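Structure first, then comments.
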């Protein structure tokens, strides 16, 4: 425990949206004069930002709260698990306070009650212009909205985070510019539903960076493309308006990367999920997009073992994967989530069947991925360096988002620094990662691409 300046620690779990919430809390605490630490021992109190989406995440959150109580004893809990009435208090009755996601004021109030705010004159220069970030200096998450209007039957996010509320586009662009000026090279735009950005405000036009900008995915992407840094739009729901950004990719204004979670490819399963179910239309769009943008990288996620899923329906999913030839794919076995409608739709798929289907799915996709990665050998690509150690540099290409996609290993990259852009030639590949060597003389460079991912 600290004896002088009041000190707060935080443990942030879950998705990038939760990371942004944690960063906002830390930024405000720093502005109020609190010292921040990642040590249980040094902290006067610890904030745990939880995830409550699936059972394993709930257990991880409860375990982390328990660890914080054991190591520190004064714990404030926030986040999605906090929105589930009584769950935390039942297991850990000694926590100081519990609040739901994005409950910034409640968390700050709890901190004030646990640790009196330091007496100081709150000068703005206590906090860096970009705020407190939990990510490396060269990339940052940018949250553009809160909540979701969809009611996918496997998901309980709307019950925890509410309906979609878009941030003003002028605020989003202003924050993005501050991040760029602080040295951020890559922005990862996050929300529950990026393609729906602005629907709640009827896509109204505001002035952002001195020019009229529509509050929409296209309007935001166009504005961010002027910043000269990489920008990835995550969680792009497969709306027709995704078509709008493809021509921008073809013109070289956006990076050719599209993250579009599809979840399944059998029409009846998609209907049960309350997801868009026109699989043929999806395949047509993918084909059309690749005709316009030949080097387009498409990332998606799928669920196997959804309640009632038959072998024939699973085979429809495999057939889709074979035909679509997606570049980046994540697969999850269906996990019952307390409060999810899907739990009561049909008989659950046995665990051993879910595992067997998962294995077959991944075997097929790994072969597709391996073929696509092998095709990159001998090509020169631009990468962004994430870290450098005794074995060389680790970077990502335009096709790779941090943590969820592959990496580019550069054994001869000891002279590079995190945040550098560099041209490399690929000399080896496996199912997910590349190995490359720098080409030509290294010169730090700007980039004017935006990534939709």
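Any Cβ shown, glycine's included, is placed from N, Cα and C.
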*Residue among 15, 148 sharing the [4Fe-4S] cluster 1 site, where Swiss-Prot lists 51, 80 as binders*: 15
*Using all protein chains in view, find how many other C-beta atoms are within 10 Å of the C-beta of residue 15 ([4Fe-4S] cluster 1 binding site).*
18
*Going by DSSP, is residue 80 ([4Fe-4S] cluster 1 binding site) part of a helix, a strand, or coil?*
helix
*Reported as an integer number of Å, what is the Cα distance between residue 80 ([4Fe-4S] cluster 1 binding site) and residue 152 ([4Fe-4S] cluster 2 binding site)?*
17
*Who sits close to residue 155 ([4Fe-4S] cluster 2 binding site): which same-chain residues at least 6 apart have their Cβ under 8 Å from its Cβ?*
53, 148, 337, 340
_Output field, [4Fe-4S] cluster 1 shell: CB within 8 Å of site CB centroid, site 15, 51, 80 dropped_ = 13, 14, 17, 18, 50, 52, 53, 57, 79, 81, 101
*Looking at the binding-site residues 51, 80, 152, which sits with the largest number of other Cβ atoms within 10 Å of its Cβ?*
80
*Hey, how far is residue 15 ([4Fe-4S] cluster 1 binding site) from residue 152 ([4Fe-4S] cluster 2 binding site), Cα to Cα, in Å?*
18
